[in-house]
Each structure stands twice: as structure tokens, then as C-alpha cells.
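Below is one structure, written out as C-alpha cells; comments come after it.
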Amino acid sequence: MRSLKDPLAPSRRVTDRPLAVLALGALVSALIALVGVAVSWGGETPKQPRRVTSSPASPAPTAAPAPGPPTRPLIDSNFPDPSVIKAPDAYHAFATNDGGRNVPTATAPSATGPWTRTGADALPALPAWAEGGRTWAPDVSARADGSYLLYFTAQERTSGKQCLGVAVSTSVAGPYTPASDSPLVCRAGRDTIDPAAFVDADGTRYLLYKQEGAARDPGGLWVQRLTEDGLSGAGTATRVLTKSTAEPELVEAPALVRRDGKYVLFYAAGVFHSSEYQTRYAIASSITGPYTRGTRALLTTTGYRGQITGPGGADVVHDDTDSHLVFHGILRAPGANPLVRAMYMADLGWANGTPVVRGSAVRYEAESGRLGGVAVKRKVSGASGGTTVGTFDNPGKYVELDVYAPTAGEYEARVGYANRGSGPAALSALVNGASPAPFALPADPAHRFHDATASLTLRTGWNVVRLAAPAGSADLDWLEIS
């Protein structure tokens with residue numbers, strides 16, 4: 001369910017940040033547009049993602065701004081653990097069993113839709129070893145001869161444990177026929193789930209999966225080299241990731257891509273029916289690791305500000321120009337019975353090799369930027385990490401931050417701040433030397449930290465955001481882009 005279907009497809013290169021010469025007069029003029037800007041007081045602070053670093057200058061972008069990030073599902077009914085593949089005729093999606101079908105399917109003319117459920121079952125007949133009703137997390141990939149492989153999870157009749165199987169079809173839509181009367185991967189006393197195919201640059205096939213742990217064995221994510229036809233294992237499987245103390249409950253749902261010579265492993269952490277369920281990533285120089293975890297979760301309920309709940313079960317799909325992360329989110333309240341998980345898709349970009357997903361908040365600490373006339377303040381009560389930048393009390397003082405956008409368009413920007421004056425203050429953001437956007441900072445006699453929101457137009461890749469205060473007095477904690 002979670003593999004890059006065309007791992008050798010060309011990727012959009014990261015667009016680097018520009019060099020901008022910024023005029024102070026534009027900062028002052030931004031104050032005029034302060035009325036009507038949304039302000040949020042207090043509230044939950046999203047988990048802090050990894051900061052990204054700036055890159056050399058690049059030409060100005062030519063792409064027109066795209067619509068805002070999708071927070072509505074592409075398939076608004078139960079379609080969990082989605083796997084999407086681009087075929088010559090259309091895009092095809094496959095999901096965990098639902099409505100009496102072992103592997104439900106959907107199609108679309110483009111990766112972003114519109115998606116239509118076909119009503120077909122890609123795997124109408126299970127192998128003899130499998131019991132119906134627990135066919136999870138299918139993954140479809142192409143073979144060099146034009147045929148297709150479907151890896152799936154099913155319940156083994158004798159043990160009752162989940163095992164992995166494989167089926168073959170000459171058509172991407174199926175029907176798929178089981179390739180063997182025995183499971184492909186099955187371990188006594190342990191559930192083995194969530195298969196994800198991966199084809200390396202040299203054509204070698206691999207299968208990633210999650211295996212349940214035990215008292216003295218943490219389980220985790222494994223990678224198994226396969227035979228050329230993808231129907232059998234070759235050699236010994238290697239465990240590449242186990243749950244860390246910073247991650248909720250467990251890890252599962254692997255999806256592997258190769259980017260600039262590195263292996264990027266997407267995976268889910270937490271329990272699938274919980275709002276804590278999230279998508280994370282780890283990076284390695286070798287397919288068998290060691291993998292270094294990203295310092296932030298990639299997709300979380302909090303990062304989507306509750307607009308998507310429990311984003312996980314991710315897959316990567318590449319169209320002719322862009323990459324997308326497809327995943328499921330809980331439509332009904334966590335714990336509802338039956339559980340309904342819809343299919344979502346978000347633009348995927350790469351900031352110096354680090355994945356960035358549109359719509360999920362990324363935070364940039366003010367002290368990591370380039371400072372003009374302001375200083376870093378430490379041991380500040382109520383500030384993120386105890387550190388802020390300030391004081392902004394005239395238009396000549398600023399902080400410049402490099403921020404990354406997976407695609408061009410309108411982004412929500414939030415700033416964490418403390419108004420240090422006795423009256424209202426203002427903060428203005430210049431993006432790539434133009435388009436000033438205002439943040440209104442109401443007075444607070446207690447000088448507590450709050451956050452304010454504005455809309456920024458960003459180009460694909462790196463952008464320079466200069467923040468300054470044309471009026472009042474304030475300290476800046478962070479800038480967040482989503």
C-alpha cells in the first residue's frame with residue numbers, strides 16, 4: 001500500500017531561495033491593511049518540526065499560484081490504507097477490505113482526482129491459506145514485462161495470525177490471482193502486515209513490512225530482498241526501524257522512496273483508530289539502514305489543526321511533474337464503530353532532502369533567521385524553547401527566514417509573539433521582497449505570548465520572508481507555515 005510506483009521517475013528539483021533587496025517603505029505601508037486579519041489567542045501549539053536550511057539563489061518562479069491545500073477527502077467514504085499507482089489509462093487506487101470486497105478499488109484521470117469508486121474487487125478469490133474479512137493494506141506495483149503484482153495482508157486460517165501474500169494480474173485493475181498456496185511472509189505467533197514494494201535503481205526488488213513484537217523483541221519495520229519476479233524472498237530479512245520513545249505506541253505502514261541517492265522511509269506511528277496516529281519519516285544511505293529519524297512528525301492531527309484526524313497509512317505517487325503523499329484520515333470520531341477512514345492527498349516537496357507536505361504546519365524559530373537590529377533573548381518564560389527575538393520597535397529592525405513551499409500558492413502563516421508595548425502593534429511580512437502581509441498584534445498588559453495569522457503567497461521551493469514591525473513594540477517567537 002505504500003510504495004513509490006515509479007521509483008526511477010524524474011523528480012521536480014527543489015527551487016532555491018532568492019536574494020532579495022527589501023525596502024523599508026513597503027513595511028510601513030503594510031500597516032494600512034491590518035484590519036480584518038485573523039488573530040488567535042492561546043490554543044494548542046503544534047509539535048515543532050525540523051528547521052530547514054537555505055540554498056543558493058535561483059531564478060524567479062513561473063508557475064501560477066495553486067489553490068489552497070486540500071483538507072477535504074478525495075474519497076469521502078471508507079478507503080483506508082490507500083495504495084495509488086499511475087497506469088497508462090488512469091490512476092488506480094486500492095484499499096483495505098470493505099463492503100464485502102477483499103480489495104476495493106477506485107480510479108481517477110489524474111492523481112488529484114476526481115476519484116470514483118469502481119465497485120470492483122481486485123482480489124475476488126483469496127488463496128487457500130487465507131481467511132476472508134481481514135485483507136488489509138494492499139500494494140500494487142508494475143513488473144518489467146507489463147504485468148502487475150498485488151501484495152496483501154490476510155489472516156492465516158490455522159494460526160489466526162496476519163501474514164503476507166502476493167497475487168498477479170496482466171491488468172492493473174485486476175482481477176489478481178494468488179501466486180501461491182502458501183503465504184509469502186509469515187512468522188509463527190506474530191502478525192506480519194503492511195507490505196510495500198520497492199524497486200531500486202539497479203532493478204532489485206524489495207518488500208517492506210511491519211512485524212509484531214513480543215516480550216523481548218520490539219518488532220518493527222523490515223525489508224526483504226525479493227527474486228526478480230517478486231514472488232519469493234531472496235536472502236534474509238533485515239529489521240530497519242523499531243519504535244522510539246518519542247513515538248506513540250508502535251510503528252507500521254512503511255513506504256520507501258529514493259531521493260538524491262538517499263532512502264527515505266515514510267511510516268506511521270501510533271494506533272490506527274486514534275487521533276495520535278501520525279506519519280513520520282527516516283533517512284538512510286543504504287536500503288538496510290541505519291535510518292536516522294526526522295526530528296519532527298510529518299503529518300499529525302495537530303499539524304492539520306484538527307481538519308484531518310489521524311493522518312497515516314501513507315503512499316507516494318508521482319505524476320508527470322509533481323509528487324504527492326496519499327494517506328487516510330479518520331472521518332468519524334476516533335474509536336467510532338464502524339471506523340471510517342477517507343483518502344486524502346497532499347503535495348510533497350523536498351527541502352534539502354527533507355520531505356515537506358503542503359497543509360501540515362512547519363515551524364521556523366525566529367532565532368534561526370538572519371537578524372537586523374534585533375537580538376536573541378534567552379530564558380524567556382512562555383516562549384518556545386525559552387528563546388525569542390526582539391525587540392521590534394521600529395521599521396528598520398527585522399528577522400529574515402528561509403521557508404519552503406512544496407507548491408506555489410496561498411499558505412497560512414502564523415507568528416508567535418509578545419506585544420511589549422502599551423498599545424496595539426503590527427508585524428509585516430515581505431515575501432521575496434514583495435507582497436507585504438500584515439499581522440495585527442493587539443495589546444496585552446501582561447505581555448503574554450499569543451499567535452496571529454495572515455496569508456502569504458509563496459512560490460515553489462525556497463522563499464525569503466522578512467518580518468519587521470512598522471508600528472508598536474513586540475518580540476517574535478516563531479513563524480509557522482501550513
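Including glycine, each Cβ sits where the backbone N, Cα and C put it.
TrEMBL labels come from automatic prediction, so no person has curated them.
Remember, it's a predicted structure, so these values are computed and weren't measured experimentally.
Per TrEMBL, active site, proton acceptor is recorded for Asp81. Annotation comment: TrEMBL describes Glu252 as active site, proton donor. Marked as compositional bias 'Pro residues' by TrEMBL: 58-72. Annotation source TrEMBL lists domain 'CBM6' at 362-482. Feature annotation from TrEMBL assigns region 'Disordered' to 43-80.
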Asp81 (active site, proton acceptor) - helix vs strand vs coil (DSSP): coil
Glu252 (active site, proton donor) and Asp81 (active site, proton acceptor), Cα-Cα, nearest whole angstrom: 11
For the residue listed as 'active site, proton donor': DSSP state (helix, strand, coil): strand
Summary of DSSP states over the domain 'CBM6' (362-482), given as helix, strand and coil counts: 6 helix, 78 strand, 37 coil
For Asp81 (active site, proton acceptor), the number of other Cβ atoms found within 10 Å of its own Cβ: 29
Protein Cβ atoms within 10 Å of Glu252 (active site, proton donor), excluding its own: 27
Local confidence of the prediction over the domain 'CBM6' (362-482), expressed as mean pLDDT: 94
